[in-house]
Amino acid sequence: MSNNKHLIAPSILAADFANLSSDIKMVNDSEADWFHIDIMDGVFVPNISFGFPVMQAIAKHAVKPLDVHLMIVDPDRYLKVCKDSGAANITVHYEACPHLHRTLSAIKELGCRAGVALNPHTPVQLLKDVIQDIDLVCIMSVNPGFGGQKFIQNTYTKIKELRQLAAGVNDNLIIEVDGGVTLDNAAQLVKAGADALVAGSFVFSALSPINTIKELKMVDYPPQMA
Ligand code: DX5
Ligand code: ZN
């Protein structure tokens, strides 16, 4: 994907849950590309966010694809309901899938993009034997479970290693980075090879979230000549 402009996926986890429709409208009106939807079960990660009924409500208002990040054990049980709740992309965690190849096939059979998320301690090389079967890899740049955490610097190295791993085998692979993304690291992430940036607290705590999305979308490396 590296010749295209990078994608921006605001994370609804940081939205105002009591005013979801206005935050969804803001993302609809913005330059964002996807809605990032974080589903947590309190088992795989030490937090519970929201589930499929809330996602269905979001889907009714969203005019952009839903990029769903399942931070749950045994995600196979929920793939169908996830698709039926409006998912375009379904990302499962490597660490939660003993039969990852089967899980990826099931996601594709539903007609969704198949994604794999890697915790910060999980090396990208573990994807070597399935790299051709993956549409999207989500490199976690924080430990999953909470918004507003500090970005882990080793992420840049992982992006480059993943691009090398996919070279010639899966050149359309979308590399997504999730956690602690701000304007301080966005340009360097794109330079390293990120195709999609997830941003939660940085967008929704901004004075003007719609402008912040635009700024994240405009970062570029090398800067475009005027
Ligand atoms: C963390 C989630 C992230 C989170 C990012 O477990 O997967 O998507 O919403 O939030 P920020 O951008 O605040 O780190
Ligand atoms: Zn996420």
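Glycine too: its Cβ is placed from the backbone N, Cα and C atoms.
Curation does not apply to TrEMBL; its annotations are automatic.
Listed in sequence order, S11, I12, L13, S49, H69, M71, G200 are the same-chain residues at least 6 apart in sequence whose CB falls under 8 Å from the CB of D38 (active site, proton acceptor). Following the DSSP three-state reduction, the secondary structure of D38 (active site, proton acceptor) is strand. The active site, proton acceptor annotation in TrEMBL covers D38.
DSSP gives D178 (active site, proton donor) a strand state. Remark: D178 (active site, proton donor) has S11, H36, H69, A117, C138, I139, M140, S141, V142, P144, V198 as non-local neighbours, by Cβ distance under 8 Å and separation of at least 6 in sequence. Look at TrEMBL and you will find D178 tagged as active site, proton donor.
Annotation comment: TrEMBL describes S11, H69, G145, F146, G147, G148, D178, G179, G180, G200, S201 as substrate binding site. Under the three-state DSSP scheme, H69 (divalent metal cation binding site) falls in the strand class.
What TrEMBL records for H36, D38, H69, D178 is divalent metal cation binding site.
When every Cα pair among S11, H69, G145, F146, G147, G148, D178, G179, G180, G200, S201 is compared, the largest distance found for this substrate site is 17 Å. Summary of the divalent metal cation site environment: with the site residues H36, D38, H69, D178 set aside, the chain residues having Cβ atoms within 8 Å of the Cβ mean position are A9, S11, L13, I37, D67, V68, T91, C138, V198, G200. DSSP gives G145 (substrate binding site) a coil state; it is part of no helix or strand. Taking the mean position of the Cβ atoms of S11, H69, G145, F146, G147, G148, D178, G179, G180, G200, S201 as the substrate site, the remaining residues of that chain whose Cβ falls within 8 Å of it are L13, A14, D38, V142, P144, Q149, V198. Ligand 2 lies under 6 Å from the Cβ of the following recorded positions, listed in sequence order from D38, G147, D178, G180, S201: D38, D178.
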